[in-house]
Amino acid sequence: MFGVSKLSLWVLTGLAAVTTVFFNVYIFLMTLWNKTGKKKRSPSETLIMALAVADVTHQLVCYVWMTMDEVDSSCEIAEMFYTVLLVLMSSFKFTIIWNSSFLTFYYSTKLVSTPNHCYTQIQAAILKHVTLAVFLIPLFGLATCMPILMVFQTGNYTDRVEPQIDCGVLLPESTAGRVYDVIYLLLSDVLPGMVMLKCCISISIHLAIHLRHMKASTNGAHPPKLGSQIRVVQMSLSLVANFLIFLMVDLYVNYEVVVKHKNSMGVTIFITSFYSTVTAIVLIYGKKTLWKTMIH
């Protein structure tokens, strides 16, 4: 399994799981607590809370799967149990990525103003129905992952692939399975990645223009300052950078699955856990109140 034993991955993922659950529970509770006195929750708070719930749930389901696979080394438990867990893990991963994408999109709309009226209307419509989107994304993710049960195959992998194969694992052995795997990657990784990359480019251009104008207005007397806006810029760009690193690793891991027929479930879980941990830390840093409270 990419040169790393299942036990090593279990330990590493356990460390990532602890930090992921801690930071995301902290984000959720603090965001919920800060609601007191406010009339309406902002779209960013709704997305952050939904992302925190998805991160924690995904982490718990993943660790149950890894633990049971480690305990049930002889694969005595019915394959359907592991299969259902695999579908849920893929579904929650889909939810995490799209929530992250929508969150980056929200921050880009707050930082970058566009003269395009049509684009502005689309932004307003999305942000107006952000609560509905938070509920629809998991449902769409589950619907997207359900075909795994039909197009992926179990087979007798234990004998003909490797002795360390995971119990009940499903691999895209057939042509339909490989085609679906590519479609799933496009929907769950590449498409939200394009949204995040577009937002990153928009924010970077906005930042460059803003700095140039500020420098021109001060005649170079002192370095320009962005004030509180720079924290949001740093957070948004960090979210995108973290995702792009995750995307490259995830696509490579899936390439190993589709082309070389290697089982990579443990590696996929670990990199997703690491991504969730870093995302939570970046979000805490971006919210000054969360950052200060955690430091204290």
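Each Cβ is built from the backbone N, Cα and C atoms, and glycine gets one as well.
Record features (TrEMBL):
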- 12-34: transmembrane segment (TRANSMEM)
- 23-245: domain 'G-protein coupled receptors family 1 profile' (DOMAIN)
- 46-68: transmembrane segment (TRANSMEM)
- 80-109: transmembrane segment (TRANSMEM)
- 130-152: transmembrane segment (TRANSMEM)
- 190-211: transmembrane segment (TRANSMEM)
- 232-253: transmembrane segment (TRANSMEM)
- 265-286: transmembrane segment (TRANSMEM)
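Here the transmembrane segment (232-253) has Cβ contacts under 8 Å with residues 2, 97, 100, 103-104, 107-108, 110-111, 185, 189-190, 193, 196-197, 199-200, 203-204, 207, 226, 264, 267-268, 271-272, 274-275, 278-279, 282-283, 285-286 of the same chain, all six or more residues outside its ends. When pLDDT is averaged over the domain 'G-protein coupled receptors family 1 profile' (23-245), the result is 79.
When Cβ distances are compared across the two stretches, the transmembrane segment (190-211) makes no contact with the transmembrane segment (46-68), since fewer than 3 pairs at least 6 residues apart fall below 8 angstroms.
For the transmembrane segment (130-152), the list of distant contacts is 43, 46-47, 50, 54, 83, 86-87, 90-95, 98-99, 102, 106, 170-174, 176-177, 179-180, 184, 187-188: same-chain residues at least six beyond its ends, Cβ to Cβ under 8 Å.
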